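K.L.:
Here it is: the structure, laid out below.
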Amino acid sequence: MINIRKTHPLMKIINNSFIDLPAPSNISSWWNFGSLLGICLILQILTGLFLAMHYTSDTMTAFSSVTHICRDVNYGWLIRYLHANGASMFFICLFLHVGRGMYYGSYMFMETWNIGVLLLFAVMATAFMGYVLPWGQMSFWGATVITNLLSAIPYIGTDLVEWIWGGFSVDKATLTRFFAFHFILPFIVAALAGVHLLFLHETGSNNPSGLTSDSDKIPFHPYYTIKDILGALVLILALSTLVLFSPDLLGDPDNYIPANPLNTPPHIKPEWYFLFAYAILRSIPNKLGGVLALVLSILVLALMPVLHTSKQRSMMFRPISQCLFWLLVADLLTLTWIGGQPVEHPFIIIGQLASILYFSLILVLMPLASLLENNLLKW
């Protein structure tokens, strides 16, 4: 009998992606984050869909509609907090996924990596626009500050900002279009994730050693399906704990104050997952320079394959590069902390030093360390 799993046009795609896929036998739990990101995306789309059924994208009623969801809709509070904290879990998984790619040299799969960078930008744009929707103080002022950065673009800047706003300030038109974009972008992200997987399956997965694993492959199912289910359970446990015990832990209390264009909050700051980029933006006194640094802080990831000077793919056997990688992690944590602090001494200088170190590590120190390691191994 012919197996329908292997012959049916649709089943065949699923089979070749999740069942009979040959996978390296030694991939660690760091390879779980791809599937976890898929789960996060599905969760966000589902909770977002149910929120959109009750939300109104009008400046007069947006804040009230979110309150209505939390108070009057059956389990509305749960859906709302799953969506808000689901975004945080999404970014935790994203950062770990990208970090894994940097550590083990997964960026050598050029197409997969570049689509991944594009995905990162798309998810960041989605999260930013989603943060504007509750129309609290931080929503309004965050939208004002971040969209205003585009005015730094020479010649067309001011026109561009007013075009995005749909007027001369962040108002009803802005909120409505942000809701429309926030609704459509996750589906674009899902499509890009499909392309991301398509390119990954052209080459097969990397593995911790960075060596080719063609001689030692195992089927994805049952080995990695069960491993992914364990990862999913840990993710769901962490998210449930966050949502049910401290749902506002990662949020800003200012967002419980309805948006008021006449009253600026003392400290305007984005959600925690943007703080590292926000710190880099603020560390440069020039507006255009800051915007360029902000974009480059993510875009620099696209240069990783070009900056790879080592003769080994993975950092598994490269202790100097390992030290610099963990220094980069510590630096990003420092930038995240600085991004949430007021613009005053000593935070300004710490932020500037951390920003310089961030770019120096990726663009200069890590490639040099790789060359040094090549020489030490007499390669």
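Cβ atoms are placed via backbone N, Cα and C, with glycine included.
Since this is a predicted model, take the numbers as computed values, not measurements.
In case it's useful when we look at the structure, here is the feature table from Swiss-Prot:
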TRANSMEM  33-53  transmembrane segment
TRANSMEM  77-98  transmembrane segment
BINDING   HIS83, HIS182  heme b b562 binding site
BINDING   HIS97, HIS196  heme b b566 binding site
TRANSMEM  113-133  transmembrane segment
TRANSMEM  178-198  transmembrane segment
BINDING   HIS201  ubiquinone binding site
TRANSMEM  226-246  transmembrane segment
TRANSMEM  288-308  transmembrane segment
TRANSMEM  320-340  transmembrane segment
TRANSMEM  347-367  transmembrane segment
K.L.:
Under a three-state reading of DSSP, tell me whether HIS182 (heme b b562 binding site) is helix, strand or coil.
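P.N.:
Looking at the DSSP assignment, HIS182 (heme b b562 binding site) belongs to a helix.
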K.L.:
Where else in the chain does the transmembrane segment (320-340) make close Cβ contacts, counting only residues six or more beyond its ends and a cut-off under 8 Å?
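P.N.:
Same-chain contacts beyond the flanks: 99, 102-103, 269-270, 272, 274-280, 282, 310, 347, 350-351, 354-355, 357-358, 361-362, 365-366, 369-370, 372-373.
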K.L.:
For the residue listed as 'ubiquinone binding site', just give me the three-state DSSP call.
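P.N.:
DSSP assigns the residue listed as 'ubiquinone binding site' to helix.
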K.L.:
Apart from its near flanks, which chain residues at least 6 from the ends of the transmembrane segment (77-98) lie with a Cβ under 8 angstroms of it?
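P.N.:
Contacts with the transmembrane segment (77-98): 30, 33-34, 36-37, 40-41, 43-44, 47-48, 50-51, 66, 69-71, 116, 120, 123, 127, 130, 235, 238-239, 242-243, 247, 250-251, 271-273, 301.
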K.L.:
Return the residues near HIS196 (heme b b566 binding site), defined as same-chain residues 6+ apart in sequence whose C-beta is under 8 angstroms from its C-beta, sorted by sequence, else 'none'.
P.N.:
THR112, ILE115, GLY116, LEU119
K.L.:
Out of 33-53, 178-198, 288-308, 347-367, which stretch has the largest tally of CB pairs under 8 angstroms to the transmembrane segment (113-133)?
P.N.:
178-198
K.L.:
State the non-local partners of the transmembrane segment (288-308) in its own chain: residues 6+ outside its ends, Cβ under 8 Å from one of its Cβ atoms.
P.N.:
98, 102, 105, 107-108, 110, 113-114, 117, 120-121, 124, 149-150, 152-154, 276-278, 280-282, 355, 358-359, 362-363, 366-367, 370
K.L.:
Could you tell me what the rest of the chain brings near the transmembrane segment (178-198), counting residues at least six beyond its ends with Cβ under 8 Å?
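P.N.:
Residues 17, 37-38, 41, 44-45, 48, 52, 55, 57, 112, 115-116, 118-119, 122-123, 125-126, 129-130, 132-133, 143.
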K.L.:
Write down the Cα-Cα distance for HIS201 (ubiquinone binding site) and HIS97 (heme b b566 binding site), rounded and given in Å.
P.N.:
17
